[in-house]
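For reference, the structure is listed below as structure tokens.
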Amino acid sequence: MGRAARRKTRSRTQRPGHSLFGKPFDGGKRMDHGGSQEQQQHPMEQQQHHPAMLRLYDVQKEVSALGPQVCTFSGLQNEREYKRMERELTRLLLEVDQVDTEGRAELQGARKRAAQEVEGLLRYLEENATHPSRLAIEDLSTAARQLVDERVVEPQRAGGVAEINDELVDALQELVLRLTQIKTEGRVPLRKARYRALTRLCAVQDVLEGRTQQQTLSLPLSGETHEAVHRINQVMVKVSMARSQLVALLMGLSGRDSCAHLSRILMELQVELDALDVSGNAAIRNYRKQVVEEINGLLKHLDLEGEGDDTRRYDLAQNNSIREIEAVRAHVSHLREGVLRHCAAGDLSFRPKAELQSLLTHLDQVDTAKNPCIREARRRAVVEVQAIVTFLDLREALVCRQPGPAEHPAHRAVWLVLGSLSDLQAQVLGFDGKRADKSYMMLEELLTKQLLALDAVDAHGDESTKMARKQAVKFAQNILNYLDMKTDEWEY
């Protein structure tokens, strides 16, 4: 058979599936050894009906069913689901090992490939459950649970009132930011785990912030105003208890309650409020409306149990807002290359500031849906645009600068440093390496030297020089921060 014909035959017999863990996952076809269909047709007819091959096909079917479960499992080794899948895969591995191949090479090869398939899933399951990023997600989740338990849930259980202040809100926000910085390496289980942790923590933030606002209201109204007010006040007490239960549920601190049970309670409270006769009293109507809105605010957080299974949520590469941001970043990259190319040629006529401003407006309109990862992606895109704008502004200022003979020497020294910073910023804008690169360390060192040079400038009490030096220091720090951002390998 000719070489072209053999290639064509192989393309038919080795039709790709996509692996669940990086290898072809073809539902058992890989158990057939290589070669053309014409050459193998008679042996394969015998093998397919051999008891050993039939058993291996049965194993492959079970592996095909377990594969998607393994590849989307986002938990830890101590979880029941992990132990179940590990037990099933180990059983399949033992069954493959016990298949009698009768010493036949083709059956031994099929058994070996089946064992590799099962071992690959076992390895993938263990790697994700013990991955440093997965453990970091769990550590931050544990810290958040402890914080919420001590400051919110436990006081409520003891019959007291949770103290919700800026310190608590800031501590939760810090945990959210640290979660967004965890790298997932594009692994679905890690992305899923990070998304679940972030979703619940952000929901708790919303609930607590909503409660803080309610504490500032002049509510509840006196029961003497109208008989309906007394019943609304009773509902308010139940809503307060439900809020605490919701926070406990979101943070995994409630073993008895469920989202479905709490949802039924809140909907019953809504029905009770709807049935009230407020007799056209506007103040009572507004009071009832506020309580209903608070209940709706709690209800929207009760659909989190299954939402992490939707890949469109935790795989943000599929998110429309992220796609918008990436489209803007691609445009920014094109403009940045153009600006640097023209500046290198000494041509300052290319100034796409209006285009850059329109991109900033576009980014400001991107819907982040309160997702901290999307917010961070948008912030970084904004920084990229602003870096080009400040570069163009400084270049223009340096070209237009006309120092007079009476200029203060310290002021002139600041401008000299700004000229050096402009050249360094051009290098930073064009930098596309890593922190371990020599060019990165050189840029960082040169920028630090410019900061030291600014620190050595003595303004001699000249206010304009003090202001110029302060702005130059901020400018240098922004360049350093931008360089740091470009190399931190952040991912959404």
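Every residue gets a Cβ built from N, Cα and C, even glycine.
Here the structure is a predicted model, which means the values were calculated and not measured.
According to TrEMBL, the feature compositional bias 'Basic residues' maps to 1-15. If you look up TrEMBL, you'll see 26-35 marked as compositional bias 'Basic and acidic residues'. The compositional bias 'Low complexity' annotation in TrEMBL covers 37-50. Taken from TrEMBL, the feature domain 'BAG' applies to 52-129, 228-306, 355-396, 410-487. The region 'Disordered' annotation in TrEMBL covers 1-50.
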(request) Residue list, the domain 'BAG' (355-396) vs rest of chain: Cβ under 8 Å, 6 or more residues beyond ends. (result) 176-177, 179-180, 198, 202, 206, 316, 319, 321-322, 324-325, 328-329, 331-332, 335-336, 339, 343, 348, 418, 421-422, 425-426, 428-429, 475, 478-479, 482, 485, 490, 492
(message) For the domain 'BAG' (52-129), report the average pLDDT of the model, please.
(response) 91
(request) Take the domain 'BAG' (410-487) and count its residues per DSSP category (helix H/G/I, strand E/B, coil), listing them in that order. (result) 63 helix, 0 strand, 15 coil
(message) Just to be sure I understand, if DSSP states are collapsed into helix, strand and coil, how many residues of the domain 'BAG' (52-129) fall in each?
(response) 64 helix, 0 strand, 14 coil
